[in-house]
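Asker: I'd like to ask you about the structure that follows.
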Amino acid sequence: MTELPAPLSYFQNAQMSEDNHLSNTVRSQNDSREQHSSERRRRGNPEPLSNGRPQGSSHQVVEQDDEEDEELTLKYGAKHVIMLFVPVTLCMVVVVATIKSVSFYTRKDGQLIYTPFTEDTETVGQRALHSILNAAIMISVIVVMTILLVVLYKYRCYKVIHAWLIISSLLLLFLFSFIYLGEVFKTYNVAMDYITVALLIWNFGVVGMIAIHWKGPLRLQQAYLIMISALMALVFIKYLPEWTAWLILAVISVYDLVAVLCPKGPLRMLVETAQERNETLFPALIYSSTMVWLVNMAEGDPEAQRKVSKNSNYNAQSTESETQDPVTESDDGGFSEEWEAQRDSRLGPHHSTTETRAAVQELSSNILASEDPEERGVKLGLGDFIFYSVLVGKASATASGDWNTTIACFVAILIGLCLTLLLLAIFKKALPALPISITFGLVFYFATDYLVQPFMDQLAFHQFYI
């Protein structure tokens, strides 16, 4: 599941006070008023004033904001697409490099407990049936675990979710990393004592737990998330049978589509629940390109929403006090009738209407919503990293060492991811990241492995040049 960076400007001063916002709004209104008044004097065609400025200026400001949003979408959209391509590429490169060099992950030493049926059968029909049963069991486990996660999050069982994620991270960062490091040392014939290996694994795991579940530099957190995704993908590549793996990739794409887009889909319910609570998802589940908040999960900065709500409450209280206490209205606070007459002679009559107040409030909320640049960015689920890498790794392991098929799958996944982000920019809602990329990857794999590669072999055998 992917999210798009908010198409709003990145302000350097994210802690501007409310008075500064109001003063900036008034200053912009005065500039607009002076510009329009000069045009009217030049054309001799005056416009009615409302709240000291032309009535149509608010619409022009909104149109100008829309144009700036489109420009910033083009500017920052491509930047974040590249920022998402880099980690996906790194994860797939780690997996492919391991598959090509470490034979441990291509040997068939067993299967997962979720895939109990073997594919070493006498007939193709039995193998197909066993692969379908294995895929059904695996997808059922994924669906049940996803629903369990949504239920725990909906009922605020945060400690249970944290414990679940911490145990998973411990297994990946300590046990699977130890197995991976040991196999790499065996492959390259590196001699190392167990004490040194234990120190390496201890430091690697502890730093990873701190960076993922607590605090740490962004690049360090991203590196650990990429590494644990690659380790999980390698486990799937080793222990999933070939036909079962391809079938799981096809079915998981359909499930991802249903889970994200259906009104009662588990992932959509998770997003909507987080949006209602203005909460971020757990960092062990999501890769972020910046220190960000899921934009679709919170339609604005939570702090800004609190400020806006406080302003609205203040305005409501002021209105109520004005209606209930007419005596205080006689207290002009220094703004006498002479001052108002002098102001009207310079700026025109000051008439506050519902439309102008709404326009000013909208401008203030837009400024507040675009304050925090650290709350904008792209997020991609770690499951997407894992299944992208499983597809490329399986292609590398089962395509007879053919680099053409591996590269074709790699390019297909990036093309699908780019199209997904393009659709994300159009619809501006959370979209599943697996269907397009996995579909392209499967089509490219089978087309290259069974059509392109035999054709190229025949050309090379007969020494034909095209």
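Every residue number used here counts from 1 along the chain in the order it is shown.
Glycine is treated like the rest: Cβ placed from N, Cα and C.
Here the structure is a predicted model, which means the values were calculated and not measured.
Copied straight from Swiss-Prot:
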{"type": "REGION", "residues": "1-66", "note": "region 'Disordered'"}
{"type": "MOD_RES", "residues": "S50", "note": "phosphoserine"}
{"type": "TRANSMEM", "residues": "82-102", "note": "transmembrane segment"}
{"type": "TRANSMEM", "residues": "132-152", "note": "transmembrane segment"}
{"type": "TRANSMEM", "residues": "166-188", "note": "transmembrane segment"}
{"type": "TRANSMEM", "residues": "194-215", "note": "transmembrane segment"}
{"type": "TRANSMEM", "residues": "220-240", "note": "transmembrane segment"}
{"type": "TRANSMEM", "residues": "248-271", "note": "transmembrane segment"}
{"type": "ACT_SITE", "residues": "D256", "note": "active site"}
{"type": "REGION", "residues": "304-335", "note": "region 'Disordered'"}
{"type": "MOD_RES", "residues": "S309", "note": "phosphoserine"}
{"type": "MOD_RES", "residues": "T328", "note": "phosphothreonine"}
{"type": "MOD_RES", "residues": "S330", "note": "phosphoserine"}
{"type": "MOD_RES", "residues": "S345", "note": "phosphoserine"}
{"type": "MOD_RES", "residues": "S370", "note": "phosphoserine"}
{"type": "REGION", "residues": "371-398", "note": "region 'Required for interaction with CTNND2'"}
{"type": "TRANSMEM", "residues": "380-400", "note": "transmembrane segment"}
{"type": "ACT_SITE", "residues": "D384", "note": "active site"}
{"type": "TRANSMEM", "residues": "407-427", "note": "transmembrane segment"}
{"type": "TRANSMEM", "residues": "432-452", "note": "transmembrane segment"}
{"type": "REGION", "residues": "463-466", "note": "region 'Interaction with MTCH1'"}
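How buried are these features, and what lies next to them?
Answerer: Within the chain, the transmembrane segment (166-188) has long-range Cβ neighbours (under 8 A, six or more residues past its boundaries) at 98, 101-105, 197, 200-201, 204-205, 208-209, 212-213, 224, 227-228, 231-232, 234-235, 284.
Same-chain residues lying 6 or more positions outside the transmembrane segment (194-215) and placing a CB less than 8 Å from one of its CB atoms are 162, 165-166, 169-170, 173-174, 177-178, 181-182, 221, 224-225, 227-228, 283-284.
Residues belonging to the region 'Required for interaction with CTNND2' (371-398) score a mean pLDDT of 79 in the model.
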Asker: Report, in whole Å, the straight Cα-to-Cα distance of D384 (active site) from D256 (active site).
Answerer: 10
Asker: Suppose we draw a 10 Å sphere around the Cβ of D384 (active site). How many other Cβ atoms does it contain, all chains included?
Answerer: 25
Asker: Do any residues of this chain, six or more beyond the ends of the transmembrane segment (432-452), have a C-beta under 8 angstroms from a C-beta of it, and if so which?
Answerer: 1-2, 246, 249-250, 252-254, 256-257, 259-261, 267, 380-381, 383-384, 387-388, 391-392, 395, 399, 402, 404-405, 408-409, 411-417, 419-420
Asker: Looking only at DSSP and grouping its letters into three states, which state does D256 (active site) belong to?
Answerer: helix
Asker: Check the transmembrane segment (220-240) against each of 82-102, 132-152, 248-271 and return whichever range has the most CB pairs under 8 Å.
Answerer: 82-102
Asker: Would you mind listing the long-range same-chain contacts of the transmembrane segment (248-271), meaning Cβ under 8 Å and 6+ residues beyond its ends?
Answerer: 1, 134-135, 138-139, 142-143, 146-147, 149-150, 153-154, 240, 281, 294, 296-297, 387, 390-391, 430-435, 438-439, 441-442
Asker: Give me the DSSP three-state residue breakdown of the region 'Interaction with MTCH1' (463-466), ordered helix, strand, coil.
Answerer: 0 helix, 0 strand, 4 coil
Asker: At a C-beta cut-off of under 8 Å, are there same-chain residues at least 6 beyond the transmembrane segment (82-102) that contact it? List them, or none.
Answerer: 2, 180, 183-184, 187, 222, 225-227, 229-230, 233-234, 237, 287, 289-290, 378, 380, 385, 388-389, 392-393, 396-397, 401, 406, 410, 413-414, 417, 421
